[in-house]
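Q: Checked TrEMBL, it gives:
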ACT_SITE  D87  active site, proton acceptor
BINDING   G7, N8, I9, G10, A11, G12, K13, T14, T15  ATP binding site
BINDING   E31, Y43, Q54, R88, D93, E154  substrate binding site
DOMAIN    3-207  domain 'Deoxynucleoside kinase'
Amino acid sequence: MHIAITGNIGAGKTTLAEQLAAHYGWEVLYEAVEGNPYLADFYDDMPRWSFNLQIYFLNSRFAQVKKIMDIQQANRVASHPKTVVQDRTIYEDAAIFARNLYQNASMTERDYDTYQHLFANMMSLVRPPDLMIYLRASLPKLREQIQKRGRSYEQRISDEYLTSLNQLYEEFVASYQFGPVLVLDVNALDYANKPTDFKYVLDQIDAQLKI
């Protein structure tokens, strides 16, 4: 089974993925943030590094797609099938992050077209997750989380950038038709520190998966 967690920068995806993995015994597939050779440069100069960064993320996400396919293939004959929980999906790369950069003139039309053609070719091999969990977070919540985790390059992210990503996330979730989506309002939840909130999340997931 493949569970995906989506949401803006600082929404709490990695924290939730790790908690779910610990609770259910799932395997986490992390976003390629640590060791990313473009990320810090990108936040210093988005137009210069936007295409490089998005290609890097797209490649790493496609590697995860292939790993998930291998796991799903092995699950067909496994006595104990594995479930993976993915920290952000390949869909978001194209529908939200690359699109946002193009719309705010931080990616050229030529680069955006090249990116979209590459993404379209990859999509022929992509299987949607069995459940997508969207973490809806307000700008103040995102700011709070970004400040708390203390990545220096993220402190330079503008409010406008986060707000435009939020808008695209809402559009993406509203139009997503590849499978079920569970929307969690993380403005009202503290699943990292409050067991009752985490239980609420588990109950919602169990209901979706009919566990």
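Any Cβ shown, glycine's included, is placed from N, Cα and C.
Bear in mind that the values here come from a model prediction, so they are computed numbers and not experimental data.
Can you tell me where each of these features sits in this structure?
A: DSSP gives D87 (active site, proton acceptor) a strand state. The local packing around D87 (active site, proton acceptor), expressed as other Cβ atoms within 10 Å of its Cβ over all shown chains, amounts to 21.
A simple way to gauge crowding: the CB of A11 (ATP binding site) has 25 other CB atoms within 10 angstroms, across all the protein chains here. Annotation note: A11 (ATP binding site) sits in a coil segment as assigned by DSSP.
Of all the Cβ atoms in the protein chains shown, 22 others lie within 10 Å of the Cβ of D93 (substrate binding site).
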Q: In whole Å, how far does the CA atom of R88 (substrate binding site) lie from that of G7 (ATP binding site)?
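A: Rounded to the nearest whole number, the Cα-Cα distance is 7 Å.
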Q: Have a look at the binding-site residues (T15, Q54) and report the one with the fewest Cβ neighbours inside 10 Å.
A: T15
